[in-house]
Amino acid sequence: MNQHTPAAALACAGLLGYCRAGFEKELAAELDDIAAEAGLIGYVRAEPDSGYVIYETFEPTPLGSFGESTDWRRPVFARQLLPWFARVDDLPERDRATPIVEAVKASGQRFSGVMLETPDTDEAKQRSGFCKRFTEPLAKALEKAGCLRSSRAGLPVLHVLFTSATTAWLAAGQPGQCSTWPMGIPRVRMPSNAPSRSTAKLSEAFMMLLEEGERDSILRAGQRAVDLGAAPGGWTWQLVNRGLRVTAIDNGPLRDSVMATEMVEHLKADGFTWRPHRPVDWMVCDMVEQPSRIASLMAEWVATGRCRYTIFNLKLPMKRRVEAVEQCRELIRKRLASVGPYDLRIKHLYHDREEVTAFLTLKR
């Protein structure tokens, strides 16, 4: 390879998004909107329960033309979002590396590293062992061909998504635009002494919804927090574990392990009507209720200054997931319109099922 394409000029064929199996329709709708905003012309392909969605442009499009449309943080239902540039079919069982290397060479693009992935489905996970074994041989073959320069900062990462044993999609993960976790799934450790599995959801929310620098600056030991709908204490435990003092609001009981920390005040009250005597740093909420009611309550807390930051969960109706999310966005927008600019981030987490998790704060 004597000539190499600048990353912005890499000819791409569309967008590749990873999602939870069963949420392809929702991600497809989001990719349609994102592509339209970016001025891309093409179509979506989404197979039910496949765990991924393809947006394919009618003409090759320079990577630079995608702009911020490839930012994985934008679509709610995407775990990962990448511009893809090639699909390699009919991979021979004894030599999968050569066709992939040839496709990468044909693109003219160098990469800083390579990540082999599968969709998050039971069928695809059977190839995860192969991906681990094949990563090093493929990396060596790419390096030998001049396609890999691990010492070059700023180059994209080559993502190879095996949707079957014989088909691989090749995509370019740009620094700062794509998720750095394999398959877009952060590895969250489930502590053995946590009162419920929901603690892992809040831990993932901190990882997914807050930037690394933010986690250190706005989530600190010694802060005060409120947990609405706290029982049995999974989210409260996560906050306490990070050094926050928590007022837990729930008519139900909290686990003894939560109360034993001596950093929790448990008040038996209704999460919708209770208010703190003075502002707190954080409010979190995982109450089972209509998403519109939760969104309105969260916006009210932020608008009135009762909390600076909030992370909350929205339970979605099965057949109108996208519409429910947009309704909540609009409710929050209307309530905060007269207050000032705000930052709302919503993601369908790995630990979410028929729900999404959101972060909200006023911009300061």
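Keep in mind that glycine also has a Cβ here, set from the backbone N, Cα and C atoms.
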Which one of D250, D343, D352 goes with S198, A231, P232, G233, G234, D270, D286 at the S-adenosyl-L-methionine site, as Swiss-Prot has it? D250
Can you tell which of D270, D286 has the most other C-beta atoms within 10 Å, given these are the binding-site residues? D286
What is the biggest Cα to Cα gap, in Å, among S198, A231, P232, G233, G234, D250, D270, D286, the residues listed as binding S-adenosyl-L-methionine? 20
Of all the binding-site residues given, A231, P232, G233, which has the fewest Cβ neighbours within 10 Å once its own Cβ is left out? P232
Taking only the CA atoms, the spacing between S198 (S-adenosyl-L-methionine binding site) and K315 (active site, proton acceptor), expressed in whole angstrom, is 14
In three-state terms from DSSP, label S198 (S-adenosyl-L-methionine binding site) for me. helix
For G234 (S-adenosyl-L-methionine binding site), what is the secondary structure by DSSP, using just helix, strand and coil? helix
Say we define neighbours as other CB atoms within 10 Å of the CB. Which of the recorded positions G234, D250, K315 has the fewest? K315
